[in-house]
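A short worksheet on the structure shown next.
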Amino acid sequence: MMGLVSMVSGARRLREGRLPASRCKRRATGVLCGRPPRRPQIVQYRGGKGTAVERISAMPFFDVQKRLGLNLDQWMTIQSAEQPHKIPGRCHAFEKEWIECAHGIGGIRAEKECKIEFDDFVECLLRQKTMKRLSAIKRQRDKLIKEGKYTPPPHHLGKEDPRP
């Protein structure tokens, strides 16, 4: 029973700001009490080195939208989610493969094992290889036009007959 009393009094001292010097300076007030703090805490470091504002982020696995039955921005964060006008995202299939591969195995392991799926997804989003290939084709076309070995059709040059 004595341990419980000392824990409670320690939590009370922590909340009131009377921490012993041996405690970790960065601990937020509510973490030791079993609940996260509500707003950013202003922490004053001992020794007169000034104050700092500790940023406290939201809990990552507390999905308010799902609990309230709302779907506000899920279609923006995950393309595999239901889209507003029932039109799937461009890279929906690649993202779905990557999420299925990485689900439940942890970040470090997923980074190694699902690299192929992730690279395919990034290529679908950014189109870097596609743009590189198209610029090579355009350079080759310009080179052939310059050498006189290729003449593009008139509708590619903007000299097409005007339409009614």
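Any Cβ shown, glycine's included, is placed from N, Cα and C.
The structure displayed is predicted, hence computed values, not measured ones.
Feature list (source: TrEMBL):
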- CYS91-CYS124: disulfide bond (DISULFID)
- CYS101-CYS114: disulfide bond (DISULFID)
- 144-164: region 'Disordered' (REGION)
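On a Cα basis, CYS114 (disulfide bond) lies 16 Å away from CYS91 (disulfide bond). Cβ neighbours within 10 Å of CYS114 (disulfide bond), excluding its own Cβ and spanning all shown chains: 19. Here the Cβ of CYS124 (disulfide bond) has 17 other Cβ atoms within 10 Å, regardless of which shown protein chain they belong to. Here the disulfide-bonded residues are CYS91, CYS101, and the one whose Cβ sees the fewest other Cβ atoms within 10 Å is CYS101. The two recorded residues, CYS124 (disulfide bond) and CYS114 (disulfide bond), show a Cα separation of 16 Å. DSSP labels the residues of the region 'Disordered' (144-164) in these numbers: 8 helix, 0 strand, 13 coil.
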